[in-house]
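Some notes on the structure that comes next.
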Amino acid sequence: MIKIKNLCKQFGKNEVLKDISLNIKQGEVVAIIGPSGSGKSTLLRCVNNLETATSGEVWFKEQEVTGKKADIQKIRTKIGMVFQHFHLFPHMTVLENVTYAPKTVNGISKTEAESSAKELLSKVGLSEKAEEYPGRLSGGQKQRVAIARALAMNPEVMLFDEPTSALDPEMVKEVLDVMKSLAQSGMTMAIVTHEMGFAREVADRVLFLDEGVLVEDASPQAFFTAPKSERAKTFLQKVL
Amino acid sequence: MIKNNKWMLLVLTAVMLTGWFAQGFLSEAPNASAKEKHNKTLVMGTSADYAPYEYIDTAKSNEIIGFDIDLARHIADELGYNLVIKDMDFNGLIPALDSGRVDFVMAGMTPNKERKEKVDFTKVYYSAQQLIVTKDENIKSIEDLKGKKLGVQLGSIQEKEAIKIKKKVKNVKVEKRNKIPDLVQELQTKRIDAAIIEDGVAVEYLNQNSKLKAFVIPDTGSAGSAVALPKGSDLTEKFNSEIDKMKENGELDKYVKKWFKIEKSENEKKDAAAIDFSVVWSSLDFILYGVITTLKFVAVSIVLGFLLGSLLALMKISKTAPLRWFADAYTSIFRGTPLILQLLIIYFATPQLTDYEISAFLAGVLTFGLNSAAYISEIIRAGISAVDKGQREASLALGIPYSSMMRQIILPQALKNILPALMNEFITLTKESAIIAVIGAMDIMRRAQIVGADTYRYFEPLIIAGLIYYVMVMGLTVLGRKLERRMSRGD
Ligand SMILES: Nc1ncnc2c1ncn2[C@@H]1O[C@H](COP(=O)(O)OP(=O)(O)OP(=O)(O)O)[C@@H](O)[C@H]1O
Ligand SMILES: [Mg+2]
């Protein structure tokens, strides 16, 4: 589903990603972990070209995201993204937030968009908040709306960048539960997270990034019980 | 969809408003004369704040009347033309003639060397005497002006007279003002000691105020009024022969008697109170009509400024460098030069460069629209960059096209933040709109000035105009607060 070949990314002289290659297969759930500043967000953002790769290739199915002729806008509709700070549209109601892109981008009728939006909202447990403005929701509720908003475009992949890092502890679970059921439904997912328990339980694979280098690419079982690299060992000691 | 519709509606309303107003002022442009007696038309330029030569009896009508007007009608009729009268600032008359905006000028204008270099004059049709008008009992001859402040109208023949006096008498300080009513007001408040005003004009002021005294300046030479025409115009000779005819058959004398006779007897003279609204009361309607002009003007300027400003703001944040340069240069030019200068350039240069006779209203709207676009673009640019970067990223990640993102995600949020600043800009625009009076647009300010000239009262019309502006600004402020409250319902 996603192929990354020899990806490098620099911000000025700062080499943030160094020669990263990896594949994510359809239906796979991949957790990306690593210390702060190691390039996790940047890697994720290169997938839908929010950051443009300095060199190397990123492929989404048969299309090269990094290609000159790539229809990025079209590709992005198939790649959902959820941000740490939600980024809901504050001047739209929850329902409008979820229906806006399908209506504007895919040209879906209002009624159709709203009925599928309501379905999604009930999936994330927020049916009764449809007419609310984001300003009146809790963090956990906001993030669930953001997930529904991304899902409304019927994406084939979902990217999550620390979806629970900005939440109060008591709200983390409600978001992780939604993500868990999404994973169970067979969605392809790449998740940057500091929730090690979640990564261990839900992910099919764990990618460990340090200083822009993909240090480990292993099953959660292998990674959490017997990390191969020194760096991963130190990291795990700190966080577990 | 709700938001989508709102924007559509806003743009639609804007377009319709612009269209509607455009229609309004285009049809208003030339004073279409009611009676199309002849099939040719002459456009006369004048400055209707110089009674009794040309002024508006504001208590009665909107029509410009006076000695020059009667004369012009008579001559035009004899020559087989309809007459259309255009009112503007006195200082704008020669440029208007130059740029072909008017065919001839009658405004109690005296031929002098500078003017003769630019335009042709007919022979003098009426010679006035120049008076020294003063409140000071001790000023009885020009020698008494030693060390005094002497006021004259800017660009007038009296200015030349003042320079002559200055050569003869020591220490005379010449003060220049735009209009005769300004001079009289300065006399009243003793900011100047004396003023040079010609007899026909001074009569009314002397009648109104017994404290004002006057005496004739000796040897004023052949100062007199003549018709100004473009250089080399073949109308000049025709005007001359008509003036000769009128002098012979006594028509001219009839008009002189009609307009320059001193009507009031000594006991009718009254000293007007310092502030007396009863005098201008009957002219209130006349000033209030200016509200329509000012409102139209402000509304069209705001719409134009806002649309253009949004466009410029988008250019400023675009990735294309030339667009950014253009928008930055535009802003820097319009912010870096005086508004009134921009107004005069657009008003006077357009006909010269393009052959298009831009109306005062259109020139005003264009200037204010272009000018406020510069300020609004800065406000909007700041507003856009204050919108959380995440909004843009979330939109991009959803594959939302740039234009939709701007119109429906970024701008609505920016707008909410910048509403107070925008409202401020609109209020400034409303108040500053008063300067279109300079090019003769009949807005509140110009009308107040005309009433001032007609009633020989200075303060009252200005106070009324001030009140009207204040009410309009308050209206805008209330509207702004309502809008703000409305837009913040999401929080
Ligand atoms: N737009 C940018 N311009 C310049 N440098 C950037 C930019 N974005 C990220 N960086 C730098 O790239 C490096 C990696 O950043 P990135 O956000 O990918 O790290 P991360 O692994 O997501 O960290 P965290 O866990 O704190 O989110 C950091 O050193 C950061 O300062
Ligand atoms: Mg990050």
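Glycine is treated like the rest: Cβ placed from N, Cα and C.
Please treat TrEMBL annotations as automatic predictions, because they have not gone through curation.
Residues B:326-350 are the range that TrEMBL records as transmembrane segment, among B:1-25, B:326-350.
Counting Cβ pairs under 8 Å to the transmembrane segment (B:462-479), the stretch among B:286-314, B:326-350, B:356-376 with the most such contacts is B:286-314.
Same-chain residues lying 6 or more positions outside the transmembrane segment (B:326-350) and placing a CB less than 8 Å from one of its CB atoms are 92, 95-96, 99, 312-313, 315-316, 356, 358, 360, 363-364, 366-368, 370-371, 373-375, 377-378, 432, 435-436, 438-439.
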